[in-house]
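Listed in Swiss-Prot for this protein:
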{"type": "DISULFID", "residues": "C42-C131", "note": "disulfide bond"}
{"type": "DISULFID", "residues": "C44-C60", "note": "disulfide bond"}
{"type": "DISULFID", "residues": "C59-C111", "note": "disulfide bond"}
{"type": "DISULFID", "residues": "C65-C138", "note": "disulfide bond"}
{"type": "DISULFID", "residues": "C66-C104", "note": "disulfide bond"}
{"type": "DISULFID", "residues": "C91-C102", "note": "disulfide bond"}
{"type": "REGION", "residues": "121-133", "note": "region 'Important for membrane-damaging activities in eukaryotes and bacteria'"}
{"type": "SIGNAL", "residues": "1-16", "note": "signal peptide"}
{"type": "SITE", "residues": "K121", "note": "site 'Important residue of the cationic membrane-docking site (MDoS)'"}
{"type": "SITE", "residues": "R124", "note": "site 'Important residue of the cationic membrane-docking site (MDoS)'"}
{"type": "SITE", "residues": "K128", "note": "site 'Cationic membrane-docking site (MDoS)'"}
{"type": "SITE", "residues": "K133", "note": "site 'Cationic membrane-docking site (MDoS)'"}
Amino acid sequence: MRTLWIMAVLLVGVEGSVIQLGKMILQETGKNPVKYYGAYGCNCGPLGRRKPLDATDRCCYMHKCCYKKLTDSNPIKDRYSYSWENKAIVCKEKNPRLKEMCECDKAVAICFRENMRTYNKKERINTKIFCKKTPEPC
């Protein structure tokens, strides 16, 4: 199980508190975060921002934009406080910088849930070869 969460780093590059982000996605979607989102589309994974292919890919794109706005953080090492209450993610972090990080991760997890109907299994493992390099502005 520990390996699964460590591998979750592939989700949106090396962004987000890996364990917490993976748990949020699992809680919101019920899906394995690595299998379903680790290499999805043109934006889920370690590459930079690209033009999103669909709504799910746009979730990853927006998450990268959200993280781009954060300053003075180490998204791999930094951990924040959150809980799962009444089927909702609640960011409880007092530190403003860590709270922002939590809100970025919460937003992508909710975005994945809200776009499950349009999830395209063909994009689950996208090699990114045909992704357009010019992204939309954040």
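The backbone N, Cα and C atoms fix where each Cβ goes, and this holds for glycine too.
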Chain residues in Cβ proximity to the region 'Important for membrane-damaging activities in eukaryotes and bacteria' (121-133) (below 8 Å; excluding those fewer than six residues from its ends, i.e. six or more beyond): 35-36, 39-42, 45, 47, 50-51, 53-54, 56-57
Winner by Cβ contact number (other Cβ atoms within 10 Å) across the recorded sites K128, K133: K128
Winner by Cβ contact number (other Cβ atoms within 10 Å) across the disulfide-bonded residues C42, C44, C102: C44
Tertiary neighbours of C65 (disulfide bond) (same chain, Cβ under 8 Å, six or more apart): R49, C138
Sparsest Cβ surroundings (other CB atoms within 10 Å) among the disulfide-bonded residues C66, C91, C104: C91
C104 (disulfide bond) versus C131 (disulfide bond) - Cα distance in angstrom: 24
Structural state census, the region 'Important for membrane-damaging activities in eukaryotes and bacteria' (121-133) (DSSP three-state): 3 helix, 1 strand, 9 coil
Pairwise CA distance, C44 (disulfide bond) versus C59 (disulfide bond), rounded so that it is a whole Å: 8
Inter-residue C-alpha distance, K133 (site 'Cationic membrane-docking site (MDoS)') and C42 (disulfide bond) (nearest angstrom): 9
Residues near R124 (site 'Important residue of the cationic membrane-docking site (MDoS)') in space but at least six apart in sequence (CB under 8 A): K35, Y36, A39, Y40
